[in-house]
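A short worksheet on the structure shown next.
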Amino acid sequence: GDDVKSACCDTCLCTKSEPPTCRCVDVGERCHSACNSCVCRYSNPPKCQCFDTHKFCYKSCHN
C-alpha cells in the first residue's frame with residue numbers, strides 16, 4: 001500500500017549474500033511508515049530504529 005510507497009531510508013545496510021538481507025539503520029523520532037518491528041529508546045526526542053529485514057532498500061529520504 002501507500003505505507004511502502006512512502007517509506008524511505010537514508011542508511012541501508014545489506015549482507016553480501018544472495019539474495020541480500022537489508023536493514024534500514026536510520027535513527028529518528030519514529031520509524032518509517034512500512035516498519036513492522038520498531039524499537040524506540042526513551043529519550044527526548046525519542047530515538048527509534050526499525051529492525052525489519054528485506055531483500056531490498058527503500059529509496060533515500062533526502063535526495
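Here the Cβ of each residue, glycine as well, is placed from N, Cα and C on the backbone.
Note that the structure is predicted; figures quoted are calculated from it, not measured.
Feature annotation from Swiss-Prot assigns disulfide bond to Cys8-Cys61 (among others). Same-chain residues at least 6 positions away in sequence with a Cβ under 8 Å from that of Cys61 (disulfide bond) are, in sequence order, Cys8, Cys9, Asp10, Asp26.
The Cβ of Cys9 (disulfide bond) has 21 neighbouring Cβ atoms from other residues within 10 Å, across all protein chains displayed. Under DSSP, Cys9 (disulfide bond) is assigned to coil, being neither helix nor strand in the three-state scheme. What Swiss-Prot lists as disulfide bond is Cys9-Cys24 (among others).
The disulfide bond annotation in Swiss-Prot covers Cys12-Cys57 (among others). In this structure, Cys57 (disulfide bond) belongs to neither helix nor strand by DSSP; it is coil. Counting only residues at least six positions away in the same chain, the Cβ atoms of Cys9, Cys12, Cys14, Cys22, Cys24 sit under 8 Å from the Cβ of Cys57 (disulfide bond).
Counting every protein chain shown, 15 other Cβ atoms lie within 10 Å of the Cβ of Cys14 (disulfide bond). According to Swiss-Prot, the disulfide bond annotation covers Cys14-Cys22 (among others), on the basis of similarity to another entry.
For Cys31 (disulfide bond), applying a Cβ distance below 8 Å and a minimum sequence separation of six or more within one chain yields Cys38, Cys40, Cys48, Gln49, Cys50. Residues annotated as disulfide bond in Swiss-Prot, with similarity to another entry given as evidence: Cys31-Cys38 (among others).
According to its DSSP assignment, Cys35 (disulfide bond) is coil. The feature disulfide bond is assigned by Swiss-Prot to Cys35-Cys50 (among others), with similarity to another entry given as support.
Here Swiss-Prot flags Cys40-Cys48 (among others) as disulfide bond, drawing on similarity to another entry. Secondary structure at Cys48 (disulfide bond), taken from DSSP and collapsed to helix, strand or coil, is strand.
All protein chains shown were included, and the count of other CB atoms within 10 Å of the CB of Cys40 (disulfide bond) stands at 15. Sparsest Cβ environment among the disulfide-bonded residues Cys12, Cys24 (other Cβ atoms counted within 10 Å): Cys12. For the disulfide-bonded residues given as Cys22, Cys38, the lowest number of other CB atoms within 10 Å of the residue's CB is seen at Cys38.
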